Every structure is written in C-alpha cells, then in structure tokens.
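Visitor: Quick paste from Swiss-Prot:
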COMPBIAS  22-33  compositional bias 'Basic residues'
COMPBIAS  41-50  compositional bias 'Low complexity'
COMPBIAS  84-93  compositional bias 'Acidic residues'
COMPBIAS  331-343  compositional bias 'Acidic residues'
MOD_RES   ALA2  N-acetylalanine
MOD_RES   SER6  phosphoserine
MOD_RES   SER84  phosphoserine
MOD_RES   SER85  phosphoserine
MOD_RES   SER253  phosphoserine
REGION    2-60  region 'Important for interaction with SNRNP200/BRR2'
REGION    22-96  region 'Disordered'
REGION    50-61  region 'Important for interaction with CXCR4'
REGION    322-343  region 'Disordered'
ZN_FING   196-224  zinc finger
ZN_FING   262-300  zinc finger
Amino acid sequence: MAEQLSPGKAVDQVCTFLFKKPGRKGAAGRRKRPACDPEPGESGSSSDEGCTVVRPEKKRVTHNPMIQKTRDSGKQKAAYGDLSSEEEEENEPESLGVVYKSTRSAKPVGPEDMGATAVYELDTEKERDAQAIFERSQKIQEELRGKEDDKIYRGINNYQKYMKPKDTSMGNASSGMVRKGPIRAPEHLRATVRWDYQPDICKDYKETGFCGFGDSCKFLHDRSDYKHGWQIERELDEGRYGVYEDENYEVGSDDEEIPFKCFICRQSFQNPVVTKCRHYFCESCALQHFRTTPRCYVCDQQTNGVFNPAKELIAKLEKHRATGEGGASDLPEDPDEDAIPIT
C-alpha cells in the first residue's frame, strides 16, 4: 500500500463503491398515471395514437368467517367458500316491496268509535273486583233479612247481619263508591274529565292585598277579577264572548252622584247648598237642621255650620230644565207639585 501505483494499474485495481439513495416513501398521495403499453408494430413516439389502459384483475378472496366487514353486507351467502356466479345470483335477496290491498271503504282503520270504548284490561275483572263482591253481599243481606239462620256458610263477606247499619258510609253505600276499600276504575279510558274550577289565585291577596306566605306563595298575587271556564263557555254559547262594551270601561263622574231631591224634605231643591262631606240640602232645610244639631243629616259628621252654594247641582238642574222632557225623565217630580224656580 505504501508503493505508488502507476496510472494504468491504478485504474484496474481501484474498487469503486456505489451508494444508492433510498426512494421517497411518502408518494402514496400522488396521482398515478395509467400504464400505457405501445403495440409492437408502432413506435412509442407517436402522440396521435391512444394508449391502452391495463386494469388489474380483482382477486377473488376466499370467505373467512373470522373476518367481518360492512362492505358487501347485503349479499347473503349460503355456505362459507367460493360460489359460482349463478349461485350468487340465486342467493341475492330480492328487492323488498310492501303492497296493501284497499278495502274500498272510506271508514278509518280500527274500531268505529276510534277507541272511545276501549277497556283497561289490566284491572281486575268486573265479576271479581271489590265492587262486585260488595253488590253480591248487599243482595244476599236483602234475601236473608227477616229469616232464621239456615246454618249455611256463604263466605267471609256474606255473614247474616241482624241490624241494618244506618247513617254510615257502609249503610248508605248502595253503589259502593263511598265505602272504604278499592273503588272500581272507569270502564272506558276517555271518561276522565277535569273541571276548570281552580283559578289558582291567592284569595287572601285578592281580598285584602296581603298574603302571609309572601313571595313563596304558589298562587297568583293579583286583585283583578277573572272569569271561570264555564263563564267563558256561556258567553260563547250566547255570542257575547269578545264583545267589548264601552259602558264597562266608562268612569263615572261626580255629577252622577248628585241627588235630585233633598234628603231632609224629600222635595226638589230650593237654593241648594253643600256641606264639607259632599251632601246636598235645601238652604232652609240645612239651617233648620243646624239649629237642632251641627252634624250632617246623612253621615253625622261635624259641619261646623259651613254650607256652600252647590254650583254643580245648580248647573245640572238648569241643564235638565233646558232639555225639557229629557230633563223631566231624569229628574222625576211629584205630579201634584208645581215647578219651583231656582234663585
């Protein structure tokens, strides 16, 4: 190795080492080109002619019962193993189809009453329930009443009773619905009715404005008036539901509370006066009553001798006098009494 080799010998004796780079393994996502094999009589350089696509044949895999997959699950195979194409066609399931035959009737399917008379079959039979036992006992007691004991055992519920119970639930329970023990359930499922007689409004708060439960009260705290369901149904039947009447929302004025006769003399007003408690009298009647007592004739409050002219009443009386007959109908007077002018 220490000797120097000649150039001709060096070429023959030198060993060359070739290092091959590994190919990329991440090219799985690349799009593969179709394999084109040129025909032997044609050159591969011709771009005008098309290329032949070689498709690999699908291998037939032997069915393995230990391997399960969702693909091709619709095919039913009779046995494990290969099947011929004819056998596969025979074993393929036919397309499912549902065919209904018309009854040529417009009636709905099912019972004619749409199940309104359906019976709850989980309860005890009518011939064996507590109601039937009670009715049989009542019938036997009626037959044995007034007879001697015949020494016949009729069951634990049918012992002869020599005294008829009265004023008790058992004595008055001819139907058996008010006695103790189980009660027979309704026969039909649609027999349950709930009446709307519970407005769920706090009665204490509605009447007094105060409730001892406070915010924890489960009823509505409202002092308004509500209509029950039966009242709404009655208005619907009479055709009055939803009809708003203006007079229900009119606020009465103070003039409507003014009387048209004096409280003391029961006659039409002459020089009307009004007290502090808003009561109207004739001037002469008020002064005459004040000589007896300083209190009001109606409410017995202290007037202190203060009588003011009733200007509102005077204006109302003049208005009704001007209307003529309308005013006479609103202010009826005695037929034998003459009209007294207002000064």
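The backbone N, Cα and C atoms fix where each Cβ goes, and this holds for glycine too.
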Visitor: What is the pLDDT of the region 'Important for interaction with SNRNP200/BRR2' (2-60) when averaged and given as a whole number?
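Guide: Looking only at the region 'Important for interaction with SNRNP200/BRR2' (2-60), pLDDT averages out to 59.
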Visitor: DSSP helix, strand and coil counts for the region 'Important for interaction with CXCR4' (50-61)?
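Guide: So the counts come to 0 helix, 1 strand, 11 coil.
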